[in-house]
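Have a look at the structure below before the remarks.
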């Protein structure tokens, strides 16, 4: 995908983000693909259909990535965000994942689900989107008249020193076999993990009980994979030499005729796929700066695309329905959940899609840590909510919390405070 000028190449990048995300939103709405719902079904009903659909999406994206990389068709060592960064921010991945998992459970859905619901008429998602967007933006951008961000004020001094330097890359292939054998190692690891996830999905009666589980997993996984491929293959032809977008950006002064169309963020031209928390913040920044076109990114267009795809499916099936808060407690839950997702998504460097599928497809160690945190935070929150609902006044937070950890087999049975229901 080579273009004769940068404007055409960037337009294609942005258009591709919208179109692929449109399909993602349509598929997610049609199949009820929901990562929070997947954890809920598993924890509350022991039904793993949607959880296995999530696993299938990971498998499809992962198998596609390792195949394309082994063929030399893409290179994901430099991406946006930098999943394989040589600095492993394990504490941020873990804490962020846990916070995001708690938040999405309290708010009733992750970032992607927020966009899907928004497209289907859920006005509560407007508030969730705005809160996530504002927090995400100021986690990464300074407050007006200041050089301080939420991240620098609340997290940087104590969490950044915990990062570990692991070399040039944190992907499992490099960590296990070294940089020289990384591609082969990733292929082997990816084949084993991907095949295992596919087998895990299709051997389950829960999964086979509905075609939507397979369609959802396949559709979402393919959307993530296609986005990786498309964003990796865009270039600009200058006098017979093809420049990848990031290289063109770095040599802008020599190659471009004007500064007017230069994007504000060069990193956002790198190979990338779907993630939604940082892009929500970028969308807020885009609006804050009077819709300056130099601030448009693949991620912003992806947010619009998911909502639009969901809207179209809702209209086709006549399921579009305006929804509003049921009570003040409902408002509080969504506000708290959105705040936690805003902080957690930035710390973890992604959401249940951004780390839970896109990041894991790169085999980055930090993505697996974030994914574990996401699932743990969500599952434990559901356990606490369940026991407090069933036991009411008898179940203090501490009792429900400890009992939840026992149910998740993270504490011995002897520490159980409430009888299992």
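Just so it is clear, glycine is given a Cβ too, placed from its N, Cα and C backbone atoms.
Heads up, TrEMBL stuff is auto-annotated, nobody curated it.
TrEMBL assigns the feature transmembrane segment to one of the listed ranges (363-382, 383-402), namely 363-382. Record note: among 164-182, 183-201, 240-258, 183-201 is the stretch given as transmembrane segment by TrEMBL.
Residue ranges 53-74, 141-162 are listed, and TrEMBL annotates 53-74 among them as transmembrane segment.
Segment annotation: TrEMBL labels transmembrane segment over residues 123-140 (candidates 123-140, 267-284). Sequence-distant neighbours of the transmembrane segment (336-357) (same chain, 6+ residues past either end, Cβ-Cβ under 8 Å): 35-36, 54, 57-58, 61, 81, 83, 89, 92-93, 95-108, 110-112, 127-128, 131-136, 139-140, 150-151, 155, 159, 220-221, 224, 274-278, 281, 366-367, 370-371, 373-374, 377.
Listed by sequence, the residues of this chain that lie at least six past the ends of the transmembrane segment (53-74) yet keep a Cβ under 8 A from its Cβ atoms are 31, 33, 35, 38, 183-184, 186-187, 189-191, 193-195, 197-198, 200-201, 207, 212-214, 216-218, 220-222, 224-225, 228-229, 232-233, 271, 273, 352, 356-358, 360-363. Counting only same-chain residues 6+ beyond the ends of the transmembrane segment (94-111), those with a CB under 8 A from a CB of the stretch are 34-37, 39-40, 117, 125, 128, 132, 159, 276-277, 280, 333-334, 336-349, 351-355, 369-382, 385. Sequence-remote contacts of a segment are chain residues at least 6 beyond its ends whose Cβ falls under 8 Å from one of its Cβ atoms, and for the transmembrane segment (123-140) they are 107, 109, 111, 114-115, 117, 149-151, 277-278, 280-285, 288, 322-325, 330-331, 334-335, 337-339, 341-343, 345-347.
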